Amino acid sequence: MVDGRKPHINVGTIGHVDHGKTTLTAALTTVLAKRLSGEGNKSVKYDEIDKAPEEKARGITISTAHVEYETENRHYAHVDCPGHADYIKNMITGAAQMDAAILVVSATDGAMPQTREHILLAKQVGVKDIVVWMNKCDVVDDEEMLSLVEMEIRELLTKYGYPGDDIDVVKGSAVKALEEESADGVWSEKIMELMNALEKIDLPIREKDKPFLMSIEDVFSIPGRGTVVTGRIERGVIKVGDKIDIVGLRDIQSTVCTGVEMFHKALDAGEAGDNAGILLRGIKKEDVERGQVLSAPGQIHSYKGFKAEVYVLKKEEGGRHTPFFSNYQPQFYVRTTDVTGNIKLPDGVEMVMPGDNISIEVNLDKPVAIDKGLRFAIREGGRTIGSGIITEILE
């Protein structure tokens, strides 16, 4: 960890429209600002969150509000999206990679269509942990009703592959917590109970601890030294003398890293997040190309086929003006390269309209180094028309 900073975790509110996601976000910041000191704890009003600034991720505009808060042990970055379509885009493009999600369900309605859709998407994009905030409990005075809603949510979470029986379900009211004068009030206590549930979530393993992987952006030949490839190290660490594989587009080649450079300085090692140049032993410039990856031996393979969850841009977002059908052949921008591929739609789906999100099967023209959870853009004539995440590799 850098200079004694608190461990950091990314969370987001998910759930059906009008169930109180944004109100909860405001209540979290307000109660924590009253209860705990800390630079990160500033009360954020509902309107500030609701008028979320726009960001771009993979060429797609998404309205997201980022707030932060902290406890004694951790720092949280919290994302809330005002619009339902923004949630889907956000989850698929990974504009904010959530380590954990707070599922907001209204006690008056129970699970609704978007509740299901968000849980399913959370699972597919790799959100490991969920805690549940049952909102609007102040207007339900029937305990049995609350128990039924809780049971329904637990069953739904189990259905989509989460440990429904073990997940924390906190019953509260975001509006009441916001209105309370006292920070020790009964509804504010519920907010603290939710924070305690978040505190129990395992900290994510950051990418440095994973096997080395770097996507090649450029290839140079340096007279007297050999071939250097450059790119951003996606995960892991590379040291001089490490064995590495070159994977994708061609047969796997094995080599050894004989040098690591950053900003024209020689280093002993490069790590996740670094933009580095890697010198490769015995590899000619024409043996390697942009779009391949360097990897720790045996850690990644190249494939042509995969299943994915994709979001297709609307016309107003710069996407297509017309639907597409099965066997549509756009380019897939995977890591650092465009590869043409063929799209197969699910049985019973005739066509995909701009603005849809859909599960597809893809067959690429050339094998590329891919893994489950990898995000990609779909392009046509050099512009992004969709975005996706790989949910399954097809051998």
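Backbone N, Cα and C atoms are what each Cβ position is placed from, and that goes for glycine too.
Keep in mind that this is a model prediction, so the values were computed, not measured.
What Swiss-Prot lists as domain 'tr-type G' is 6-205.
Here Swiss-Prot flags 15-22 as region 'G1'. Residues 46, 49-50, 65, 80, 82, 84, 103-106, 109, 111-115, 118, 133, 135-136, 174-175 of the same chain lie 6 or more positions beyond the ends of the region 'G1' (15-22) yet place their CB under 8 Å from a CB of it.
Residues or ranges marked as GTP binding site by Swiss-Prot on the basis of sequence analysis: 15-22, 80-84, 135-138. Other C-beta atoms found within 10 angstroms of the C-beta of Gly15 (GTP binding site) number 26, with every protein chain shown included.
Sequence annotations record features per position, and here Swiss-Prot assigns Mg(2+) binding site to Thr22 based on sequence analysis. The secondary structure of Thr22 (Mg(2+) binding site), as reduced to three states from DSSP, is helical. Applying an 8 A CB threshold to same-chain residues 6+ apart, the list for Thr22 (Mg(2+) binding site) reads Thr13, Tyr46, Ile49, Asp50, Ala65, Asp80, Pro82.
If one looks beyond the region 'G2' (59-63) by at least 6 residues along the same chain, the residues whose Cβ comes under 8 Å of a Cβ in the stretch are 52-53, 81-83, 86, 89-90, 93, 95, 311, 313, 317-318, 377, 383-384, 387. The feature region 'G2' is assigned by Swiss-Prot to 59-63, with similarity to another entry given as support.
Residues 12-13, 21-22, 25, 49-50, 52, 62-65, 67, 90 of the same chain lie 6+ residues outside the region 'G3' (80-83) yet bring a C-beta within less than 8 angstroms of a C-beta in it. Look at Swiss-Prot and you will find 80-83 tagged as region 'G3', backed by similarity to another entry.
Listed as Cβ neighbours of the region 'G4' (135-138) (distance under 8 Å, sequence separation of 6 or more from its ends, same chain) are residues 19-20, 23-24, 104-108, 146, 171-176, 187. According to Swiss-Prot, the feature region 'G4' maps to 135-138.
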Q. According to DSSP, does Gly15 (GTP binding site) fall in a helix, a strand, or coil?
A. strand
Q: Based on DSSP, name the secondary structure state of Cys81 (GTP binding site): helix, strand or coil.
A: coil
Q: Can you check how the pLDDT averages out over the domain 'tr-type G' (6-205)?
A: 90
Q. Including all protein chains displayed, how many Cβ atoms other than that of His84 (GTP binding site) lie within 10 Å of its Cβ?
A. 14
Q) Once the chains shown are all counted, how many other Cβ atoms turn up within 10 Å of the Cβ of Asp18 (GTP binding site)? A) 12
